Amino acid sequence: PWSLPSGDSRAVQGHLRQCKLTLTQHLTHLVAGEGDPQAGTMTECFDCDNCKESLYGRKYIQMDNGPYCIPCYDAHFANTCDECKELIGHDCRELYYEDRHYHEHCFRCFRCDRSLADEPFTCQGEELLCNDCYCSEFSSKCVACEKTVMPGSRKLEYNGQTWHEHCFICSSCQQPIGSRSFIPDKKDYYCVPCYESKFAPRCTRCKKTLTKGGVTYRDEPWHKECFVCTGCKTPLAGQQFTSQDDNPYCVKCFGNLYAKKCSACTKPITGFGGGKYVSFEDRHWHHNCFNCARCNTSLVGKGFIPDNEEILCRDCSSDL
């Protein structure tokens with residue numbers, strides 16, 4: 001008997017090899033004294049090695065330890081079919097797979113009963129299945145084309161679903177995504193360039209897509225490197241800033257360009273860092289700069305007397 005290549009018990013395909021048991025070297029019609037060149041030289045006793053009956057004029061099979069008549073050969077050397085449990089006679093085609101022997105007509109798919117003698121097959125547990133039955137019952141189906149994803153073929157699995165590699169395509173450009181990165185959006189899937197072009201926000205300044213990070217100012221997206229001071233172009237991400245006419249400015253530029261100046265120290269009054277100031281008529285002071293011009297006493301929350309460009313406390317003004 002010929003043996004079949006063994007495979008994975010769960011999902012390995014095998015190709016049957018088969019062959020007729022060739023008996024030309026072992027099976028011979030012998031008629032004593034007729035046509036056999038050895039007939040004249042044989043000993044008088046030419047018997048079956050098992051039952052000792054004469055083999056003259058009978059078919060026999062020559063084994064290493066001697067000749068056997070057909071019934072004795074079948075009884076002692078023939079294998080039992082794993083399917084029908086009957087002996088596989090010397091004149092039957094025998095198929096062998098993973099220590100199991102079959103008549104040719106017994107080697108069939110357990111589901112559709114088609115012959116597996118010349119078909120690819122899979123062993124699932126103790127059952128032999130043709131390729132079609134195995135794929136129908138155990139293989140997944142492509143969610144795009146609804147056809148079976150054949151074992152061994154290239155596929156993609158995501159979120160419990162399976163696609164043929166060529167069926168998993170970008171919903172925008174319709175090109176296979178393959179091993180590239182992709183972005184899911186509800187029931188659609190996009191390659192990264194198409195997703196960025198279609199959905200990703202664009203920077204207010206440079207108009208290019210923001211793929212990660214960024215800054216939101218006035219409900220508009222900006223790249224961090226694009227969100228800079230209108231005056232000195234210093235990046236403002238993570239820094240204190242203010243705006244003038246919808247344009248962002250760092251504290252320094254805003255103070256130099258737009259902030260009121262302290263009448264005492266002439267530095268900008270920005271109000272950042274919790275800074276407070278005092279205003280009187282058209283003049284302004286930092287809290288810590290609003291002091292009496294004579295005694296330097298703080299006048300915050302107190303009465304004061306203006307004297308031309310100076311401000312005085314009540315005590316100093318009474319000396320005038």
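Every residue gets a Cβ built from N, Cα and C, even glycine.
As given in TrEMBL:
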DOMAIN    79-139  domain 'LIM zinc-binding'
DOMAIN    140-201  domain 'LIM zinc-binding'
DOMAIN    260-320  domain 'LIM zinc-binding'
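Secondary structure of the domain 'LIM zinc-binding' (260-320), assigned with DSSP and counted as helix (H, G, I), strand (E, B) and coil, comes to 11 helix, 20 strand, 30 coil. Counting residues of the domain 'LIM zinc-binding' (140-201) by DSSP class, helix then strand then coil, yields 10 helix, 20 strand, 32 coil. Secondary structure of the domain 'LIM zinc-binding' (79-139) per DSSP, as helix, strand and coil residue counts: 11 helix, 21 strand, 29 coil.
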